[in-house]
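Under the heading transmembrane segment, TrEMBL lists 87-105, 117-137, 144-167, 192-212, 233-256, 262-282, 382-404, 424-442, 463-480, 506-532, 544-565, 591-611.
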């Protein structure tokens with residue numbers, strides 16, 4: 001059994017059946033008052049009960065002087081790693097579609113789906129990284145291992161773009177040949193190599209994405225009176241580093257690609273990742289660590305199995321002793337404090353239901369602590385909120401690929417300066433950068449007057465604001481695309497989808513870009529903070545992985561929607577092209593954007609319902625304390 005998993009002690013004392021005489025009316029009261037605590041339930045290998053979330057050094061020993069570790073200095077070393085990872089992530093997302101089209105001679109639709117899958121795997125696999133961090137490795141070593149894997153993948157992509165043996169013959173492959181699809185296609189082994197190194201890079205992100213934000217937040221002392229404010233500012237600065245990486249990817253990396261070629265562009269991403277790795281390791285003496293709490297999946301499985309075994313046992317049974325928990329402040333789970341009992345999902349409470357027949361040495365697969373049960377409840381209650389951001393992430397992915405196709409048909413000049421089409425996604429990044437810079441000086445004071453909330457808006461309110469703005473963004477995109485396509489047909493550009501129209505500026509796209517950037521700031525920053533604060537102590541990385549998983553599922557949802565729309569709207573017999581035709585001027589991208597608008601509205605309504613039902617952990621803890629105070633008074 002893993003180091004942090006719960007084990008039964010051999011000398012568990014038999015607890016008296018104190019509830020045998022409780023009346024039926026008391027049985028119907030909240031189960032939180034029926035805690036039964038044992039002194040001897042310990043963690044594996046005789047390490048004893050652990051005291052919650054005490055920070056330790058890299059050797060697992062308590063830090064004597066916290067003032068010499070953690071804080072903003074340590075956090076900035078971690079920011080660098082995330083900045084380089086997002087620089088590579090966005091650099092690949094915007095350049096890989098063009099690389100596959102122009103160099104590997106893949107169709108736009110095929111290249112877009114391949115990149116969507118890469119983006120999806122890089123985020124959805126974060127659950128694996130979060131599991132390893134919380135269970136065995138800790139966040140530091142998970143980042144260290146996976147960031148090295150990420151660097152290896154980027155190096156492989158650089159070799160693919162640098163060495164001619166990995167790409168098809170480029171001779172006699174002009175723009176017309178690309179449009180007609182008559183260029184020499186890549187050999188199967190060449191595509192296999194590219195997909196292999198691409199997905200190695202995606203796998204490397206699995207350990208970075210869920211751990212970096214949590215590891216950075218770990219650097220702040222939760223006992224500090226300013227902890228909430230520091231955490232709020234940390235997640236805003238964290239997303240600022242993400243945005244900075246994206247801006248560099250959409251500008252400097254694109255410039256390098258144009259001036260120096262694909263090999264230099266992808267090589268710059270690998271160099272940036274290598275430098276960030278060295279900075280991350282250089283900050284090692286400053287970091288505060290949290291001990292991994294053992295396999296969270298094992299604890300979840302123990303709760304589900306225990307609850308299933310006792311599914312037919314009523315809480316009013318005479319052999320009912322109480323709900324099992326440890327005494328005092330300590331938890332049986334390493335790296336976790338105690339979690340008060342709540343009345344949600346009462347069927348799971350049966351996993352902590354202690355009966356006389358459980359004996360003096362119950363198996364953890366038959367009897368779990370209340371804290372262990374509450375961990376599972378929290379994981380379940382968190383699911384609807386990140387699930388409602390899947391649609392937002394799908395819209396972000398669609399914008400990243402479809403708006404590039406729109407920009408190819410538009411004039412990207414600013415005066416005498418012609419901006420490369422692949423630089424267009426920098427504008428959401430710039431809007432995010434601006435909003436984050438003005439967030440505390442403009443938004444918080446204004447919204448505080450309206451909501452009365454000390455931070456301007458609660459975490460769920462920020463997520464909701466972002467989802468609403470994303471609806472406006474995608475609706476505008478549909479309206480502008482209808483105008484753009486009609487303009488192209490009217491001026492004779494119907495079949496020239498790679499030729500820019502000189503009299504129609506690409507900067508009309510800025511409206512949808514800026515709106516989606518603002519939506520991203522509110523929704524995703526609020527979501528990261530929400531998941532970190534609400535997740536169980538020993539499952540912070542799993543909580544952060546929820547956000548990355550939602551991003552990954554958004555990529556897959558985007559690919560699925562694309563495939564369904566292409567299948568339904570294309571009719572070869574009538575020569576009817578799909579809405580997402582490679583020739584954007586003969587397609588119906590506006591219909592597609594409006595479909596996304598309808599789906600986003602439905603998703604927003606689901607979020608409003610879920611958010612209205614959700615209770616923050618601090619609110620539930622307060623309710624539990626009030627209930628415990630009322631029941632003795634009622635029985636006296």
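The first residue you see is number 1, and the count goes up from there.
Positions of Cβ are set from backbone N, Cα and C atoms, glycine also.
TrEMBL entries are annotated by machine, without manual review.
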Checklist entry - Can you name the far-off residues of the same chain, 6+ from the ends of the transmembrane segment (192-212), with a Cβ under 8 Å from a Cβ of it? => result 78, 81-82, 85, 88-89, 92, 96, 100, 104, 114, 118-119, 121-123, 125-130, 132-133, 139, 142-143, 145-154, 156-157, 159-160, 166, 186, 238, 541-542, 544-545, 548
Checklist outcome for this item: Of the listed stretches 117-137, 262-282, 382-404, 544-565, 591-611, the one with the highest count of C-beta pairs below 8 angstroms to the transmembrane segment (87-105) is 262-282
Checklist outcome for this item: Listed stretches 117-137, 144-167, 424-442, 544-565 vs the transmembrane segment (506-532), most Cβ pairs under 8 Å: range 424-442
Next on the checklist: Quick test of the contact rule: Cβ under 8 Å, at least six residues beyond the ends. What residues does that give for the transmembrane segment (117-137)?
Outcome noted: 2-4, 89, 92-93, 96, 145-146, 198-199, 201-203, 205-211, 214, 292-297, 397, 538-545, 548-556, 559
Checklist entry - Does the transmembrane segment (262-282) come near the transmembrane segment (382-404), with 3+ Cβ pairs under 8 Å (pairs 6 or more apart)? => result no
Next on the checklist: At a threshold of under 8 Å on Cβ distances, which of 382-404, 463-480, 544-565, 591-611 pairs most often with the transmembrane segment (424-442)?
Outcome noted: 382-404
Next on the checklist: For the transmembrane segment (544-565), give me same-chain residues lying six or more residues beyond its boundaries with a C-beta closer than 8 angstroms to one of its C-beta atoms, as numbers and ranges.
Outcome noted: 109, 112-113, 116-117, 119-127, 129-131, 209-211, 213-214, 382-383, 386-387, 389-398, 524, 527-528, 531-532, 535, 578-580, 592, 595-596
